[in-house]
Amino acid sequence: MLSNAQRALIKATVPLLETGGEALITHFYRTMLGEYPEVRPLFNQAHQASGDQPRALANGVLMYARHIDQLQELGPLVAKVVNKHVSLQVLPEHYPIVGTCLLRAIREVLGEQIATDEVLEAWGAAYQQLADLLIEAEESVYAASAQADGGWRGVRRFRVARKQAESEEITSFYLEPVDGQPLLAFQPGQYIGLRLDIDGEEVRRNYSLSAASNGREYRISVKREAGGRVSNYLHDRVAEGDELDLFPPAGDFVLRDSDKPLVLITAGVGITPALAMLQEALPQARPIRFIHCARHGGVHAFRDWIEDVSAQHEQVEHFFCYSEPRAGDSADAEGLLSREKLADWLPQERDLDAYFLGPRPFMAQVKRHLADLGVPSQQCHYEFFGPAAALDA
């Protein structure tokens, strides 16, 4: 347990983290990924190169230091970290590596005059406190997944039963367990962890489950990203009949029980978890609005399916917006999703539940629009594909 003196030292470093936290964490990652190859599969190198991952962790460390006396306020952040760790199979033996590299980075970046032995001892104790909390929470999730019907721990082998192009950029993979045993149920909005060997190097990635749980198979729908190592591998080199290693479903961005109108607002590949949410919500009586934005019809995945669902369920309405329509495209609006368009498409009653996913600028825009249109902030839910970040309201 941290002493009062150690808490005071942690809080005293907050101004340094506010101005130099990102540089410190960048140095931390450079050290850890360079010297400990066993943890490299846990990290997406594209997120390292873009700075998104160091930025996200720097913000997390800062939040931890600011709330060192009120850790209960970090509950939502801890839940996201736990789910992300579980999806990639972060294990107790990984934590000492992180702690060693973090303390080295603090000393090497801040210097010995600031990062004294007392400061390092305080941060060492603070890190161990956080590590113990995460290890315990993650173990409870691992155990629950293993004990549930159809559940498992670690990796499970799946076969690609079907591979289907959904648009010019997105392809779906239908995955069935090789052992033929029942399959763990998941909540709409969750994702699975995928472990691959690409040219002799292990990599791990998360992909949203794009169809509701059915006990037989999982479906992921993957966008081919320019320069994306894993997405291009899946598109080009994984075929029907191939086998893949999966970790159990995880994630805290899930459809919540409610009888309020449901609004799903997506852009691009952000549509994938919303598809599972839509399927799950269909038996309910509440009105559903499905709003999807794409550049044009060629990259608009699942359009036919959405239209069929709307035709068969009177409580469902859909609206499509194309920012760069091609000749012959048909959409309800063109250009970016404006506040005026969104106002027309939302239910008149603003006491609704909104879930939105897509590129970060899109989500920031949607969040502002929903606030301007009177949708309560606590009823607006969103998720990042990749490291979490703040959305300016």
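Every residue, even glycine, has its Cβ placed from backbone N, Cα and C.
Over in Swiss-Prot, the protein carries these features:
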SITE      Tyr29  site 'Involved in heme-bound ligand stabilization and O-O bond activation'
SITE      Lys84  site 'Influences the redox potential of the prosthetic heme and FAD groups'
ACT_SITE  Tyr95  active site, charge relay system
ACT_SITE  Glu138  active site, charge relay system
REGION    150-393  region 'Reductase'
BINDING   Tyr191, Arg205, Asn206, Tyr207, Ser208, Phe384, Phe385, Gly386, Pro387  FAD binding site
SITE      Glu383  site 'Influences the redox potential of the prosthetic heme and FAD groups'
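Shown here: features listed in Swiss-Prot, placed on the structure.
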residue : record                                                                      : CB count, 10 Å
Tyr29   : site 'Involved in heme-bound ligand stabilization and O-O bond activation'  : 16
Lys84   : site 'Influences the redox potential of the prosthetic heme and FAD groups' : 19
Tyr95   : active site, charge relay system                                            : 18
Glu138  : active site, charge relay system                                            : 20
Tyr191  : FAD binding site                                                            : 25
Asn206  : FAD binding site                                                            : 20
Ser208  : FAD binding site                                                            : 27
Glu383  : site 'Influences the redox potential of the prosthetic heme and FAD groups' : 19
- [ ] Express the predicted model's confidence over the region 'Reductase' (150-393) as a mean pLDDT, rounded to an integer.
- [x] 95
TODO: Name the one residue among Lys84, Tyr95, Glu138, Tyr191, Asn206 whose Cα is closest in three-dimensional space to that of Tyr29 (site 'Involved in heme-bound ligand stabilization and O-O bond activation'); these are the recorded positions.
DONE: Tyr95
Task: Proximal residue to Tyr95 (active site, charge relay system) among recorded positions Lys84, Glu138, Tyr191, Asn206, Glu383 (C-alpha distance) - done: Glu138
Open item on the list: Using only C-alpha positions, which one of Lys84, Glu138, Glu383 is spatially nearest Asn206 (FAD binding site)? These are the recorded positions in the record.
Closed with: Lys84
TODO: Give the distance between the Cα atoms of Glu138 (active site, charge relay system) and Ser208 (FAD binding site), rounded to the nearest whole Å.
DONE: 20
TODO: Whole-number Å only: compute the distance from the Cα of Glu383 (site 'Influences the redox potential of the prosthetic heme and FAD groups') to the Cα of Tyr191 (FAD binding site).
DONE: 11
Task: Rounded Cα-Cα span from Lys84 (site 'Influences the redox potential of the prosthetic heme and FAD groups') to Ser208 (FAD binding site), Å - done: 12
TODO: Pop the Cα-Cα gap between Lys84 (site 'Influences the redox potential of the prosthetic heme and FAD groups') and Tyr191 (FAD binding site) into the table, whole Å please.
DONE: 9
Task: Where Ser208 (FAD binding site) falls in three-state DSSP terms - done: strand
